[in-house]
Structure formats: structure tokens, C-alpha cells
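Here the structure is laid out as C-alpha cells; the discussion comes afterwards.
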Amino acid sequence: MTTPRTLFEKVWDAHQVVAEKPDAPAVLYIDLHLVHEVTSPQAFDELRRRELPVRRPDRTLATLDHSTPTLPAAADGTRPYTTAQAEAQVHTLENNCAAFGIELHGWDSDARGIVHVIGPELGATQPGMTIVCGDSHTSTHGAFGALAFGIGTTEVGHVLATQCLLQRKPKTFAIHVDHALPAGVSAKDLVLHVIATIGVGGGTGHVLEFRGPAIEALSMEERMTVCNMAIEAGARAGMIAPDDTTFAWLKGRPRAPQGDAWDRAVAHWKTLKSDDGARYDREVRIDASTVRPTVTYGTHPGMAAAMDAPVPAAANAQESRALDYMQVTAGKAMAGTPVDVVFVGSCTNSRLPDLRAAAEVLRGRSVAEGVRMLVVPGSESVRRAAEAEGLHEVFTAAGAEWRVPGCSMCIAMNGDLAQPGQLVVSTSNRNFEGRQGKGARTVLASPATAAASAVAGCIADPRSFFQTSEAAA
Amino acid sequence: MKPLTQLRSRTAVLAHTNIDTDRIIPARFLTTTERTGLGEHAFEDWRYRADGSDNPDFELNRPEARGCQILVAGRNFGCGSSREHAPWALLDFGIQAVLSSEIADIFRSNALKNGLLAVVVSEAEHRWLLDHPGVELRIDVAGGFIELPDDGRFAFELDGFARHCLLHGVDQLGFIRQHAAEIEAFEQRVEQAA
Ligand code: SF4
């Protein structure tokens with residue numbers, strides 16, 4: 001009998017070109033390498049210095065997202081870059097992709113978007129793959145049962161040149177999520193709850209596997225939201241075993257296998273789940289039915305609590321500094337805190353269902369006086385689909401700004417940012433000090449919570465805004 | 001990468017826990033296409049006041065911290081993004097080693113690939129180091145220990161391969177390329193199976 005293996009172990013084992021030894025890491029084969037403008041220039045320079053080609057341009061896919069403006073181009077085609085350096089960085093990627101023969105979804109592509117949104121959309125992200133990108137939220141792709149993680153620029157160079165990485169095998173950590181999420185509570189609330197439970201460094205050295213009935217019930221977009229934030233618990237990657245939801249989502253996408261190859265692929269993908277009796281290095285159980293709309297109150301994603309619960313007292317000097325920075329009072333709930341800016345976007349929550357959830361709250365309502373709301377779709381394809389449904393009209397009628405795709409206020413390096421002291425309710429993934437602009441205060445939340453807060457002018461529970469669901473009761 | 005066998009320096013202490021990569025180098029400086037020149041922006045938002053002058057309250061601006069090559073940092077240092085700009089900025093700033101009780105995975109891997117020694121010590125040793133800023137240490141990479149002024153030692157673990165690479169300045173891309181034949185064979189196997 002073979003030893004039962006976890007999903008992670010199956011994917012790992014299938015990609016070891018050279019097995020790990022005590023004195024040397026494994027040489028791990030990478031199936032898909034995603035590239036963007038910020039973390040790649042120095043890697044391409046290294047290839048040039050060594051006179052090396054890109055080994056597998058066909059396994060490499062590039063996009064422009066981080067430093068790109070989200071305001072449309074002027075009539076003469078010029079774009080409102082923040083600095084000449086940002087523009088030069090974009091041109092550097094365009095030139096590198098042309099020189100090394102890499103498919104780039106640049107300004108002229110109708111598939112351009114945030115790197116972790118377009119990989120799945122194109123069907124490039126598939127179960128059982130190893131996927132890397134010079135970006136920590138590569139963990140998003142684990143929603144498909146891929147082993148996907150962020151790498152540094154030196155490693156980007158390694159993958160470009162060899163399609164391989166030197167890796168030590170991480171440990172495994174099962175997050176069993178039992179029961180079901182209550183109505184009106186989203187995957188974002190769940191993952192914030194998980195990070196608050198295991199801690200912001202709780203996953204360090206591990207690959208998380210999210211499993212259990214509450215996970216199986218999630219849509220692909222929701223699974224991506226969950227895996228996206230695995231890194232915020234310090235984990236290398238998050239994974240969810242592929243199932244019929246996964247296969248149905250992928251079928252027919254441009255880079256997905258077609259015809260007989262599709263059937264063979266699905267047969268293989270069905271084997272990609274943890275065997276009964278497989279052992280994890282760590283395990284934790286979460287009860288989904290207890291999760292309520294959750295927001296962060298501090299300056300890392302682990303400082304999160306249900307918005308109607310009192311903010312916990314600071315456990316140490318660090319936390320008390322974080323509460324001071326956020327101007328948050330322990331013992332008081334976050335609900336009701338006045339809001340200056342609301343951001344709906346980022347690779348965590350910028351897909352069509354995220355925009356629908358925000359629009360459902362905003363329909364027929366207005367963004368409160370004095371609040372600025374920015375809605376930035378994750379990709380051109382999301383933008384088209386949202387506009388086809390008229391969601392952009394719901395946003396603009398409510399007084400929100402509807403932008404072109406990009407990372408935008410998630411990382412605030414393209415000119416979209418908050419002013420010092422402003423409080424931002426954001427659907428992104430990081431609430432570090434200054435992440436959304438120097439001195440800006442970030443509260444992470446779901447798209448529905450963000451929209452409800454925009455309407456109320458203060459942090460608000462979206463469940464009272466849904467017209468239809470029983471959650472309103 | 002230059003070989004690094006040992007390092008002797010006084011320590012500077014940044015006791016904050018969870019110092020993230022946005023702290024180390026804010027995103028607005030990531031539009032560079034170079035590896036160099038980031039040192040002047042290391043810890044930018046802590047280091048300078050609004051008018052651009054040095055913030056005297058920031059630990060690394062204090063006179064006694066000048067020239068320190070060893071940074072003792074609070075738990076979970078380097079969490080957040082995968083930006084290699086973080087170790088580049090620290091090295092450019094003059095930091096050669098970071099000691100903490102926990103260091104984020106990707107940061108540690110990036111640091112070691114650039115010859116920035118990222119070393120995890122035990123909770124008790126970490127506490128001692130936090131409580132003794134400015135202490136003169138010698139970090140012995142080959143021996144895997146930190147030597148204290150009174151001849152005491154803190155042993156630390158370092159992945160054998162990472163140690164080997166530091167000691168000999170191993171070119172890791174060159175190392176992977178030595179496996180070119182295995183990589184080719186792997187690709188053929190996979191393509192036949194598909
Ligand atoms: S949206 Fe934010 S987290 Fe996602 S890739 Fe862009 S900058 Fe990174």
C-alpha cells in the first residue's frame with residue numbers, strides 16, 4: 001500500500017526534477033510563470049548579462065498592472081503615469097517581452113488585468129500545476145489545486161532561464177472549515193477570521209490546505225479570495241482540492257485543454273485531493289457558521305474581528321501602537337467608524353461576483369456625502385462583463401468612480417492613494433501602515449461591507465442593505 | 001554574490017514585531033528597474049519627517065546606530081510582499097545581517113540569495129539581543145553561531161545549502177543549470193504523458 005499523501009505532496013512530488021537532499025534543495029519544475037512590470041526588470045537584465053534566452057516562453061505570461069494608471073488614456077494616447085520612472089518601467093516590460101518572445105497582455109490586449117485575475121480567466125491556471133510569480137499573492141492560484149507561490153526577483157531570473165527553482169519542501173497545515181457560512185457573510189469575512197485565528201505569522205513555513213464543507217460550497221471566485229490571503233497568515237501558499245466547481249469554471253477557457261485532452265486532464269485532476277489518512281504537520285478547525293462580517297482594526301491582517309464585536313485590548317506595545325495609528329479604541333466595535341475612502345478592487349476582490357455584491361448594495365442608493373469611492377475591476381474581461389450587466393452605471397449613479405483595471409489602491413503606486421489620516425475601507429489584502437498612502441489608515445473588508453460603508457459613511461453591516469435575502473431579517 | 005564567512009559589528013535594534021516589506025521599502029519606490037540606490041529610502045516613512053529631515057526618534061537614526069551592520073528586529077520580520085527590493089534596500093543601507101525570532105519565508109529566501117544573512121534565534125536569545133542594543137557580535141557562518149563579547153555563544157540553524165552558498169558565493173542560477181540534462185528529461189517525460 002502506498003502512503004496516503006496530501007494534495008500538496010502530490011503536486012510537489014510530480015514536479016521534483018531533482019529530489020531534495022539534506023545538503024541541497026529540490027530542483028522544482030515550474031509549469032507557469034506569471035510576470036509583471038515591477039519585479040521583473042532586474043531579472044531580464046541578469047539574463048542579458050549571461051546571454052541566456054528564456055527557456056520556455058510558452059510557459060511564461062506577462063501583464064501590466066501594478067504601476068499602471070486606472071484613468072483612461074488621453075485622446076492622443078498618453079496615459080497619466082505618476083512618474084516618468086513608472087512609465088519607463090512599463091516600457092521596460094514591453095521591450096523585454098518583445099525581445100524574449102513572451103506573450104504580454106499590455107495596453108492593447110483585451111485580456112489585460114491584475115496578474116492573479118487574468119491567469120485563471122485565460123485558463124492558464126490549472127489544477128496540479130506549479131505556478132510562480134514575483135508577487136506574494138500568487139497564492140491565489142491555489143484555489144484551483146495548483147501549488148502557487150510568490151518568489152523574489154533573483155528567482156524570477158532562475159525560472160526565466162531554467163523553468164526551475166531551488167526549493168525546500170514546506171510543511172503542511174490543514175484548515176478544516178466546518179458547517180456553512182451564514183447568509184450575507186462572504187469568503188473575505190471567512191479568510192479574515194481564519195487569519196485572526198491562526199495569526200499573521202501562523203502559517204510561516206507551511207502550505208495551507210483549506211478543506212471541509214464550507215470550502216467545498218464556495219464558488220471559484222470565493223476560493224480565490226481565500227487562497228489569495230493565505231500569504232497574510234505567513235503561509236507560502238494556500239490550496240483547495242479541485243472538484244466539479246473547478247472543472248466547470250475552467251471548461252472552454254482559451255488556455256484550458258480542449259476535446260480529448262480535456263477529458264484526460266479532468267480524469268487526472270480528480271486524483272488531486274488529499275488521501276484519507278494523509279497526515280498534515282498542523283491542523284486547525286474553524287466553524288464557518290460563527291463567522292460574521294469581519295473587518296481589520298489594526299495594521300496587519302491578523303488584527304481582525306467581527307465588526308460588531310468590541311476591538312480587543314492591545315496585547316503588547318506593538319498592538320497599542322497599531323490602535324493609536326488607526327485611531328481605534330479598544331472595547332468599542334469598528335461598526336460606526338467614519339469612513340473617508342472606499343476601495344473595491346485588487347486581486348482579492350475585483351472579480352465579477354465581487355462587483356455584483358457591491359452593486360447590489362449600491363443600487364438605488366448613493367455614496368455618502370464626503371466619501372470617495374473607487375471601483376477598479378480586476379481585468380478588462382471583468383470590466384466588459386460588468387458593463388454588459390450595467391454595473392458601472394450602478395456605481396457611477398451612486399457617485400462612485402469606475403476605473404480601468406489595475407492594482408490601483410491596493411498598493412498605491414500608480415497615483416491612486418489616500419491622504420494622511422484618511423480611513424479607507426478596502427477590499428484588498430494588506431492594511432500595513434502607509435500601504436495605501438503615507439499615513440492612510442486601512443480597514444480590510446468584503447465588497448459588500450465596503451459598499452455598505454460607502455452608503456452609510458461609516459463602517460456598516462451589509463446584511464441590513466440586501467433587499468432580497470433572508471439575511472436582512 | 002560575494003562569499004560571506006563571518007561578520008563582526010555592533011547591533012542596532014528595531015524591536016517592532018511584524019515589520020513588513022512596505023515598512024522596509026514603500027511601494028512608491030518600486031518603479032526602479034535597478035537593484036541599487038534603494039538604501040536612501042529604506043524605512044523611509046519611519047526615518048524622515050514630513051519636511052524631509054531625519055526623524056530623531058527613529059532607532060536607526062540615533063548616533064549609536066550609525067554604521068551598525070547587524071539589525072536585531074522584532075518577531076516576524078519581513079512579512080508581506082515578495083519584493084526583493086527589501087533586502088536590496090537593507091544591503092544598500094549598510095545592513096549585512098538580520099536577527100530575529102521569526103523571519104518571513106520569502107524575505108528570508110530573498111535575503112540569503114543576496115548575501116544578506118537572515119538568522120533566526122531562539123525566543124530567549126532574541127529577548128537578550130533586544131535588551132542589549134549596541135552589543136558587539138561576531139557571526140560565524142561556517143560554525144553556525146553568534147559570538148557574544150563575553151565568549152558566550154548563540155547557535156543558529158541555517159539550511160546547509162544556504163550556508164554553502166554564502167560561504168562560497170555560489171551562483172545559484174549556475175547551480176540549477178548544471179541540471180540541464182535532468183530538466184530536459186523531465187520535460188520530455190511530461191510532454192509524452194500529456
Ligand atoms: S492587486 Fe495588490 S496584492 Fe494583488 S497583485 Fe496587485 S498589488 Fe499585489
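In case you wondered, yes, glycine gets a Cβ from its N, Cα and C as well.
These numbers come from a predicted model, not from an experiment.
Annotated features, as they stand in TrEMBL:
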- A:CYS347, A:CYS407, A:CYS410: [4Fe-4S] cluster binding site (BINDING)
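Residues A:CYS347, A:CYS407, A:CYS410 make up the record's [4Fe-4S] cluster site, and a Cβ search at 8 Å around their centroid adds A:ASP65, A:HIS66, A:ILE114, A:HIS116, A:HIS137, A:GLY345, A:SER346, A:THR348, A:SER350, A:GLY378, A:GLY406, A:SER408, A:ILE411, A:SER428, A:ASN429 from the same chain. In the three-state DSSP assignment, the secondary structure recorded for A:CYS407 ([4Fe-4S] cluster binding site) is coil.
Neighbour count (other Cβ atoms within 10 Å of the Cβ, all protein chains): 30 for A:CYS410 ([4Fe-4S] cluster binding site).
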